[in-house]
Amino acid sequence: MGRPLVFEILEKPATSCFIGICSAIWFYIQKKNIGYSHVGLSYETAIAGHHWRIITSAFSHISILHLVFNMSALWSLGVIEKLGPIGLGMEYYLQYTLVLVVLSGALVLGMYHILIQKFKIEYFRRVTAVGYSCVVFGWMTILSVKQPTSKLHLFGFLSLPISFAPFESLIFTSIIVPQASFIGHLSGIVVGYAIAWGLIHGMNNYWAVSMLGWIVLVSVFSLKRSGAYDFSFLEIESITDPSLPSVRFVGNGRTLQMTSLPATGVELV
């Protein structure tokens with residue numbers, strides 16, 4: 001008989017929280033009948049300034065099968081929280097989950113850009129990605145490098161050697177879920193290797209909190225500017241030069257003018 005679930009949850013608190021968040025969002029999406037086009041990430045929506053979708057797309061699932069696969073894999077990967085002695089642990093897990101969410105989403109958009117602009121494959125202009133798979137595949141990859149003797153347990157009965165799990169899962173999901181994003185999963189693997197090999201390093205609590213603050217700020221401004229959500233306390237208007245947006249906080253009369261890249265440059269990033 002296995003250990004009581006409550007002890008497992010206490011040993012993997014961050015993993016349990018992420019599973020709870022993704023599950024709650026899935027339930028809300030189903031209840032409100034929200035389509036993937038409203039929360040997913042695509043090249044066209046990124047160009048339109050919907051930068052907040054990098055975050056919403058990562059935590060949203062439409063298919064129950066997709067949710068179960070990702071959360072089952074994530075639960076197994078929660079062992080990372082208990083590996084503090086080898087340089088992992090809960091703080092590392094939280095810090096680099098943030099990195100995986102942002103960089104894998106940005107890499108997906110970069111790949112779409114190359115496929116559209118360089119190879120003229122217009123199909124990827126409207127492809128919309130949703131799901132936590134980028135992060136899951138990233139952590140599979142990191143664990144396969146840091147502790148290659150581990151195993152990945154899926155659905156409670158399927159066990160895969162972690163050293164092969166990223167690419168086995170990449171093929172497996174492409175077969176059983178034809179609409180699965182190959183590019184999204186591959187992006188998670190690439191960012192995962194970059195973290196595991198030390199190409200991306202130096203994250204600590206200070207940088208994690210700073211990064212989270214910028215994510216919140218960019219998300220709020222992109223939600224307001226794109227018209228996706230109306231923050232009544234915030235107004236964005238152009239002054240002097242249309243390319244330099246200003247931000248006015250309603251109620252105190254203060255105006256902040258910010259420099260920015262030309263619109264075409266921002267859209268390409």
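All residue numbers here begin at 1 and follow the chain in the order shown.
Every residue, even glycine, has its Cβ placed from backbone N, Cα and C.
What TrEMBL says about this protein:
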type	residues	note
DOMAIN	49-200	domain 'Peptidase S54 rhomboid'
TRANSMEM	12-29	transmembrane segment
TRANSMEM	58-80	transmembrane segment
TRANSMEM	92-115	transmembrane segment
TRANSMEM	127-146	transmembrane segment
TRANSMEM	152-175	transmembrane segment
TRANSMEM	182-200	transmembrane segment
TRANSMEM	206-223	transmembrane segment
Which of 12-29, 92-115, 127-146, 206-223 contacts the transmembrane segment (152-175) most, counting Cβ pairs under 8 Å: 127-146
Annotated stretches the transmembrane segment (58-80) and the transmembrane segment (206-223) touching (3 or more Cβ pairs under 8 Å): no
Most Cβ pairs under 8 Å with the transmembrane segment (206-223), selected from 12-29, 92-115, 127-146, 182-200: 92-115
Touch test for the transmembrane segment (182-200) and the transmembrane segment (12-29), at least 3 Cβ pairs under 8 Å: no
Intrachain residues whose Cβ lies under 8 Å of the transmembrane segment (127-146), provided they are six or more past its termini: 18, 22, 36-37, 39-43, 45, 57-62, 66, 70-71, 73-74, 77, 79-80, 83, 86-88, 96-97, 100-101, 104-105, 108, 112, 152, 162-166, 169-170, 173, 180-181, 183-189, 191-193, 195-197
